[in-house]
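Since the structure comes first, as structure tokens, the remarks are kept for the end.
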Amino acid sequence: MSVQSDRVPEVYDKVITAEYKALLQKALLKECKRILQEVPPEREYHYWDVYVGFMIGPKTALKIAEEYIDSALASYHATNPSLPADPSLPAHIENECGFLCTAVGLHAVVARVKYHVGDYETSNHSLHLLRTHFAHSAFAPRTPSELLYGRAGLLYALNYTEPLFSSLSDNFTLPSNPVPSAESSHHSHRILRNNDKHPTSEYSSSKIHQIISSIFDATIENGIRTASDAGLSAKTPLIWKWHETFYLGAAHGAAGILTVLLSFPDKVREYRDIIKRAIDFVLFETRGENGNWMSSLDSGKTDLVQFCHGAPGIVFLACKAYEVFKEARYLEIATEAAMFVHDYGILRKGVGLCHGISGNAYVFLILFKITNERKYLEWTVEFMDACLQWEQLTEKRQFRVPDRPWSVWEGLGGAVWLLTDVLFWENEIFKGFPGLSDIQST
Ligand SMILES: [Zn+2]
């Protein structure tokens, strides 16, 4: 197995030939136009979040994000009047702060897109919300830790926008009120104590790292406490609950949370032992007899093979664990899980990232990036080709129509995201999750 290289491997050009590339570029343009036509950005709609919205991240689809961003922001403000005018005031603390299904993702994308187009004021305002209002939400006792609605999502958003913090000049301080909750974590006080020492200091990149550190600690504490309360500590030192369920997959569960945690090397070193034991539990102890991974510890069900539940989320975690710990057993389990996704992952639920084919195609694209093995790129192409036949397959009723058929995480937007990452993958920064590649800041 060859070692990962930053350069485009030769095999890429052999699989994605010039002729095929031209075809894909044509398809990309066609599908982008289709989304813009079906859901015109100027039309009023209420889908503003990353999950059901149309904001597409990779730089090659930045134009699409630019088209939708103002409409998404307006829709958000129209439906969320309770957000305080001064975001530094914790007048209303929400119990959610995830990347995909809360305003956190919206503001993270707004920050990057607006920075890209030179609207630094709007970009800065969104960054301000992330590090004040939503940073407070992360410490509210009822806030979960998973990716869509919880702390892992905010950690992801802060990591995603982190390069902007040092680029934009801004002077402000954190709010002086602690989170108003009986159970408010001592971590929030830790932030505030730090701030008290430097009440007028510039809000630097290092301060962002303090916030990230505190949210990371809160996520770990939540995992330790949940495992202990459930009597699971002997099996795993960390487990999390969402809606009273011990989910294991990427969307609501431990695989997603742990994948995000692994993006912060300094903090991983601090908690290395328990994080590694928790990863080993998810990867090696929650596999069912049919070869798939359980959706949750509670149900033990192993019938779902999609980003949100089952083997695909396991691949993302195992690949990240391999990247961080460099242990061959992580890559081995990733390849086993990918094999399972290849055998059972042609989904009929549309072409979105969450429980559609494009999300499963990313499993192979990520393994190709790590191994440069031709078969993974061929598998990506195989799944991508199924995505591109979405219209015929939907007409033949082989594909179901998702709830939001044009969106990124449920619909055609996901296939567009995949197309851009396959076409231009050598330039994007691997962030560990489908489609969440970087938007170029310059
Ligand atoms: Zn899903």
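Think of each number as a place in line: the chain as shown, counted from 1.
Cβ coordinates come from backbone N, Cα and C, glycine included.
Listed by TrEMBL as binding Zn(2+) are CYS354, HIS355; the candidate from CYS97, CYS101, CYS308 that the record includes in that site is CYS308. Each of the binding-site residues CYS308, CYS354 was scored by the number of other CB atoms within 10 A of its CB, and the lowest score belongs to CYS308. Within its own chain, HIS355 (Zn(2+) binding site) has LEU304, GLN306, PHE307, CYS308, HIS309, LEU347, LYS349, GLU410 as residues 6 or more apart in sequence whose C-beta sits under 8 angstroms from its own.
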